[in-house]
Amino acid sequence: MALFSSSSSSSTTTFAIALFTLFLIGSCSAQLSENFYAKKCPKLSSAVKSVVLSAVAKEPRMGASLLRLFFHDCFVNGCDASVLLDGPSSEKTAPPNANSLRGYEVIDDIKSKVEAICPGIVSCADITAIAARDSVTILGGPFWKVKLGRRDSKTGFLQLASSGVLPSPSSSLSTLISNFKDQGLSATDMVALSGAHTIGKARCAIYGSRIYNEKNIDSLFAKARQKNCPRDSSGTPKDNNVAPLDFKNPNHFDNSYYKNLINKKGLLHSDQVLFDGGSTDSLVRDYSNNQRAFESDFVTAMIKMGNIKPLTGSDGEIRRHCSRPN
């Protein structure tokens, strides 16, 4: 009897430990699902896409802006729509974001449309994630199923957004790798996500130093960019003159960004360091020759980035207006 009792007690203990372990795994992992709103808001996808389609049709650059908005949200305390908040702790005023991030009004338009059909159900964080995916797809890039179920933060993180967690256009390769590693993203993820620069534009204030001072740049490319970004532009309206990040196909999501890097035609310093005799040269070359490989790794990296510290369950809230907490 003693042996049986001991065995029964041991089995019960083992079962309890197994259940507890499963609970821990479930509670620690991001509780996100592709079908999170399937029953609660079945028309969500079409509502978001219609607004993004309209915005990108009016201004193709907006697709890149919405993609960048998601990136800047996720890199500051996770994908929680904190980047959308106004107020004293607003990340909008952080140096990497001020007079730079765009697309807030498009997110607001989407939120209004979604609230009309599913009030109080869909978070601003999830809307931002879907809008980023739709932007890529509308501009010719890959489609992927976005995992959903994020909730919104109740505050912004101005100090963190200003602390260097967001990669700078002047970053070295080692700094970029470190920035992404801090977010749980690999060097491969970093190079793939950098391919988002196949769309969008940058201001003269951001790329001016490279086109005048750096040596690893095609001379004709530099001179062409200098026409729109004169040396005396600092502090003048010309500071805001823009140039496409991908001069070949600026409104089409493809792999020409990597081909530009091989030809020393990266617009930003942080672009060209990906192909400058360093550890990521081979990956840039691979992506330049194989668009499918780039798109596959880009999708994988986007999904991983979307899983950075999401608020789920009862954490955070579902904002009624994306620019302010409830």
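The backbone N, Cα and C atoms fix where each Cβ goes, glycine too.
As written in TrEMBL, here are the features:
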| type | residues | note |
| --- | --- | --- |
| ACT_SITE | HIS72 | active site, proton acceptor |
| BINDING | ASP73, VAL76, GLY78, ASP80, SER82, GLU91 | Ca(2+) 1 binding site |
| BINDING | PRO167 | substrate binding site |
| BINDING | HIS197 | heme b binding site |
| BINDING | THR198, ASP246, ASP254 | Ca(2+) 2 binding site |
| DOMAIN | 31-326 | domain 'Plant heme peroxidase family profile' |
| SITE | ARG68 | site 'Transition state stabilizer' |
Q) Using an 8 Å cut-off from the Cβ centroid of THR198, ASP246, ASP254, can you name the remaining same-chain residues around the Ca(2+) 2 site, in sequence order? A) GLY195, HIS197, ILE199, LYS248, ASN249, PRO250, HIS252, PHE253, ASN255, SER256, TYR257
Q. With a radius of 8 angstroms around the mean position of the C-beta atoms of ASP73, VAL76, GLY78, ASP80, SER82, GLU91, what other residues of the same chain does the Ca(2+) 1 site pick up?
A. HIS72, CYS74, PHE75, ASN77, CYS79, ALA81, VAL83, SER153, GLY156, PHE157, ALA161
(Q) Can you give me the Cα-Cα distance between GLU91 (Ca(2+) 1 binding site) and ASP254 (Ca(2+) 2 binding site) in Å, rounded to a whole number? (A) 30
Q. Cα-Cα separation of ASP246 (Ca(2+) 2 binding site) and HIS197 (heme b binding site), in Å?
A. 7
Q) Nearest to THR198 (Ca(2+) 2 binding site) by Cα distance: which of the binding-site residues ASP73, VAL76, GLY78, PRO167 is it? A) PRO167
Q: Identify which of the recorded positions ARG68, HIS197 has its Cβ surrounded by the largest number of other Cβ atoms within 10 Å, counting every protein chain shown.
A: HIS197
Q: Count the other Cβ atoms sitting within 10 Å of the Cβ of THR198 (Ca(2+) 2 binding site), across every protein chain shown.
A: 29
Q. To which of the binding-site residues ASP73, ASP80, GLU91, ASP246, ASP254 does the lowest count of other Cβ atoms within 10 Å belong?
A. ASP254
Q: To the nearest whole angstrom, state the Cα distance for the pair HIS197 (heme b binding site) and SER82 (Ca(2+) 1 binding site).
A: 23
Q: Check each residue in the chain of HIS72 (active site, proton acceptor) that is at least six apart in sequence and keep those whose C-beta is under 8 Å from its C-beta; list them in sequence order.
A: VAL83, GLU91, PRO96, ASN97, LEU101, ALA161, LEU166
Q: For VAL76 (Ca(2+) 1 binding site), write down the residues of its own chain that are at least 6 apart in sequence and whose Cβ falls under 8 Å from its Cβ; none is a fine answer.
A: SER82, VAL83, GLU91, PHE157, LEU160, ALA161, VAL165, LEU166
(Q) Considering Cα atoms only, can you say which of ASP73, ASP80, ASP254 is the nearest neighbour of the residue listed as 'substrate binding site' among these binding-site residues? (A) ASP73
Q.
So if I measure Cβ to Cβ from GLY78 (Ca(2+) 1 binding site) and keep only same-chain residues at least 6 apart in sequence, which ones fall under 8 Å?
A. ILE308, LYS309, PRO310, LEU311
